[in-house]
Amino acid sequence: MIVQLICTVCFLAVNTFHVRSSFDFLKADDMGEINQTLVSEFLLLGLSGYPKIEIVYFALILVMYLVILIGNGVLIIASIFDSHFHTPMYFFLGNLSFLDICYTSSSVPSTLVSLISKKRNISFSGCAVQMFFGFAMGSTECLLLGMMAFDRYVAICNPLRYPIILSKVAYVLMASVSWLSGGINSAVQTLLAMRLPFCGNNIINHFACEILAVLKLACADISLNIITMVISNMAFLVLPLMVIFFSYMFILYTILQMNSATGRRKAFSTCSAHLTVVIIFYGTIFFMYAKPKSQDLIGEEKLQALDKLISLFYGVVTPMLNPILYSLRNKDVKAAVKYLLNKKPIH
């Protein structure tokens, strides 16, 4: 977890430098003659340079999207209709599952359509909507992962006070604050990005309207965007990760103090799925944005294609793994899934 914390701090620094460098390049271009006709739509480049890969990519992403819908949908239904799951942990898990469905549905369907129809243009308003939902879901997920870590900390380190600290009012409020904060953050970032003038180049070198890719096309000062994104990263990436880090430090200390091997194993099993999701989530973000800049000079086109495939892992594979990890590592979830599928009582 210490490595994850350091990685995220590095991500912040590199992310800010990356956007600032892009702005410097745009500022230099503005000194020349640029077509000042404001763009009314954007063109999503995707993997247009690799037509053979696109076919494989379409089939792969379609299968994964169906798994996301089914897997997370089953977890949501189980958390609602099974009384065994009316607890803070499964309430947060249900929220995370719903978030994963919303997050992927904001970009995957349009990506699939563009791959099969070769229609890659997206309207200005459509890009804004896609950017808003993508950023909102990402921000909310960071907060939810932090809330889930705090839930595990209270359950393991303060079990007697767990019903009091994590009362129904408390955990519903925690989830609501996560959603509201993520939405407000995304609205601010989206409005600041889409208020910028976009002239000349309208090609987004990405599968979706990712905010950093869009900012590169702006032909105006983006200093305010940089400042707000740094603040946003601190609030929605670093702070939740610090909560996760310290929660697991206390959890680890408590587990090591247990005399029973069975108790230690049971305590760790309740955290392993969440910890795995956190490592994948933050690890992928770090790998996407904190790679050494020197690598961009060698095989830039291939590296850009690799970055897009990594973004697939971040945007599709992680939401797909969430229900799988929680189902495989949790007997209650597996029993509930069997109950929903077979409609037989759970013993």
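In case you wondered, yes, glycine gets a Cβ from its N, Cα and C as well.
Listed in Swiss-Prot for this protein:
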{"type": "DISULFID", "residues": "CYS127-CYS219", "note": "disulfide bond"}
{"type": "CARBOHYD", "residues": "ASN35", "note": "N-linked glycosylation site"}
{"type": "TOPO_DOM", "residues": "1-55", "note": "topological domain 'Extracellular'"}
{"type": "TOPO_DOM", "residues": "77-84", "note": "topological domain 'Cytoplasmic'"}
{"type": "TOPO_DOM", "residues": "106-129", "note": "topological domain 'Extracellular'"}
{"type": "TOPO_DOM", "residues": "151-169", "note": "topological domain 'Cytoplasmic'"}
{"type": "TOPO_DOM", "residues": "191-227", "note": "topological domain 'Extracellular'"}
{"type": "TOPO_DOM", "residues": "248-267", "note": "topological domain 'Cytoplasmic'"}
{"type": "TOPO_DOM", "residues": "289-307", "note": "topological domain 'Extracellular'"}
{"type": "TOPO_DOM", "residues": "329-347", "note": "topological domain 'Cytoplasmic'"}
{"type": "TRANSMEM", "residues": "56-76", "note": "transmembrane segment"}
{"type": "TRANSMEM", "residues": "85-105", "note": "transmembrane segment"}
{"type": "TRANSMEM", "residues": "130-150", "note": "transmembrane segment"}
{"type": "TRANSMEM", "residues": "170-190", "note": "transmembrane segment"}
{"type": "TRANSMEM", "residues": "228-247", "note": "transmembrane segment"}
{"type": "TRANSMEM", "residues": "268-288", "note": "transmembrane segment"}
{"type": "TRANSMEM", "residues": "308-328", "note": "transmembrane segment"}
| query | What stretch, picked from 56-76, 228-247, 268-288, has the most CB pairs under 8 A with the transmembrane segment (130-150)? | reply | 228-247
| Packing count at CYS219 (disulfide bond) (other Cβ atoms within 10 Å of its Cβ) | 20
| When counting Cβ pairs under 8 Å to the transmembrane segment (308-328), the leader among 56-76, 85-105, 170-190, 228-247, 268-288 | 56-76
| query | Near the transmembrane segment (170-190), which same-chain residues lie under 8 Å Cβ to Cβ, leaving out any that are not at least 6 residues past its ends? | reply | 88, 91-92, 95, 128, 131-133, 135-141, 143-144, 147, 151, 211, 225, 228-229, 232, 235-236
| When you measure from the Cβ of CYS127 (disulfide bond), which residues in the chain that are at least 6 apart have a Cβ under 8 Å away? | GLU41, PHE42, MET194, ILE204, CYS209, VAL214
| task | Restricting attention to the topological domain 'Extracellular' (106-129), give the mean pLDDT. | result | 85
| Can you name the far-off residues of the same chain, 6+ from the ends of the transmembrane segment (85-105), with a Cβ under 8 Å from a Cβ of it? | 65, 68-69, 71-73, 75-76, 78-79, 133-134, 137-138, 140-141, 144-145, 147-148, 151-152, 155, 166, 171-172, 175, 178-179, 270, 315-316, 318-319, 322-323, 326, 332, 336
